[in-house]
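For reference, the structure is listed below as structure tokens.
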Amino acid sequence: MTDFITTYGGTLLRGFLWTIILVTGGFAIGSVFGALLASMLVSKKKLVGWLARSYVELIRNTPFLIQAMLLFALMGVLRLRLEPVLVGLVAVAIYSAAYMAEIIRGGLNSIPNGQREGARALAIGPLLQFRLIILPQLLPFVLPASVNLLATLCKESAFLAGVSVAELTFSGQVVITQTFLIFEVWAIIGVLYLVLVLSIMALAQFLERRMSWVNPAR
Amino acid sequence: MKYLLGAVDTVPLLLDGLVTTLLICGLASILALVGAVCIVAARRSGIGVVVWTAKVYVTLMRGLPIVILVFLLYFGVPALFDLGRVSALWVGVLALAMNGAAFQSEVLRGAIARLPNGQTEGAYALGLNKFQLWRLVLTPQVLPIALPALAGEIGFLIKASPVLSLITVVDLTRRAQQVTMQTFDPLGPLLAACFLYFLLIGSISWVSRYLETRLTVGRTR
């Protein structure tokens with residue numbers, strides 16, 4: 001066992017770190033685009049709203065593996081030679097942007113319009129209105145949900161092994177071809193994913209409890 | 001034009017994959033629902049060990065990626081017990097069902113928790129036994145609450161089903177890859193598969209949303 005850990009522990013640990021980098025990086029980029037998409041979703045311009053809606057529906061209603069495969073194929077067609085890990089990160093970002101947009105849109109919709117009208121009546125400008133009135137009510141809604149999304153992303157990222165991105169699941173395949181310890185390696189990897197996902201879920205639950213003081217008027 | 005004609009030739013192959021995917025997901029959904037009912041029953045049984053086991057199972061399934069579950073069941077378990085080759089299709093269906101059961105049980109539990117306690121108390125006061133309580137009073141009320149979310153869970157199950165293509169099951173995803181190999185067209189087959197998945201999952205989320213608006217009429221709280 002100690003032999004196994006000293007020889008292959010590094011490979012697995014590197015895979016684990018890459019999974020974390022992929023997921024958090026993709027989540028960060030996806031959050032920025034998700035916020036942008038959410039503002040498009042609630043915009044009054046029909047075309048803008050329609051564009052954002054079709055992106056969100058397209059991503060939310062197709063499997064992640066197919067999206068990743070398409071992205072890799074597209075990179076091939078465009079003759080872009082990028083690191084697979086980088087393409088995987090983009091895939092996670094594309095995926096999470098759609099889900100993030102829906103989370104933020106839900107939060108924005110839960111804030112009654114009277115708040116915005118009241119702010120306008122008090123002559124509070126749009127920037128200050130967002131910072132003082134919208135954001136404090138949005139965060140308690142968005143934070144727990146987006147941390148839950150992060151947990152989902154960790155699980156979905158395992159699909160990236162199917163397109164040879166060197167993350168945790170892929171590193172397991174590599175170690176198995178060298179050791180033939182099939183069950184043991186998948187069990188170790190399973191435990192690593194469990195620890196990661198369950199601790200993120202616990203964080204989401206903590207945030208939810210912590211922020212339940214805000215009951216957005218619905 | 002030639003491209004289009006070539007593409008039409010590959011349609012039956014893709015449709016064959018779609019049928020396999022439908023079969024897998026249909027079977028897995030039914031098994032998952034049965035499993036979910038068992039899990040809910042176990043969690044309400046009041047027997048410490050059983051309740052605890054069900055809770056641990058649900059937590060495990062919620063924390064473990066479906067890919068790892070499938071690899072454990074298809075590669076790991078047969079290697080551990082020296083079972084030789086097992087059927088990838090059935091292992092895949094089992095894994096999807098195991099995963100789906102945990103998530104569907106949470107939906108059912110949430111729906112049951114939303115029923116007021118007075119329903120149970122009233123039923124007992126009228127002299128109904130436990131079976132009658134569930135058949136006549138609780139289930140007819142739980143189903144409309146749970147159905148939209150259950151449909152949503154089936155959507156998630158279909159979205160997870162390409163995992164079977166990783167263990168050699170020839171589903172829609174794998175078919176698309178095969179067609180890519182044959183035609184040297186990197187994008188077309190994948191886009192077609194993506195479109196078919198979109199139709200499938202999109203129609204289920206549409207049904208889920210329809211059920212939600214339809215079934216919540218007159219039940220505003």
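From the backbone N, Cα and C atoms, a Cβ is placed for every residue, glycine too.
Annotated domain 'ABC transmembrane type-1' per TrEMBL: B:18-208, in sequence order.
According to TrEMBL, the transmembrane segment annotation covers B:20-42 (among others). Non-local neighbours of the transmembrane segment (B:20-42) in the same chain are 50-51, 53-54, 57-58, 89, 92-94, 96-105, 107-109, 112, 150, 153-154, 157-158, 161, 164, 169-173, 175, 200; each lies 6+ residues outside the stretch with a CB under 8 Å from one of its CB atoms.
Look at TrEMBL and you will find B:63-81 (among others) tagged as transmembrane segment.
Taken from TrEMBL, the feature transmembrane segment covers B:87-104 (among others).
Per TrEMBL, transmembrane segment is recorded for B:145-170 (among others).
Positions annotated as transmembrane segment by TrEMBL: B:190-211 (among others). Beyond its flanks by at least six residues, the transmembrane segment (B:190-211) meets 7, 10-11, 14, 17-18, 21-22, 147-149, 151-152, 154-155, 158-159, 172-173, 175-177, 180 of its own chain at Cβ-Cβ distances under 8 Å.
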Q. Residues of the same chain, at least six outside the transmembrane segment (B:87-104), with any C-beta under 8 angstroms of its C-beta?
A. 24-25, 27-29, 31-36, 38-39, 57-58, 60-62, 66, 69-70, 73-74, 150, 153-154, 156-157, 160-161, 163-164, 167-169
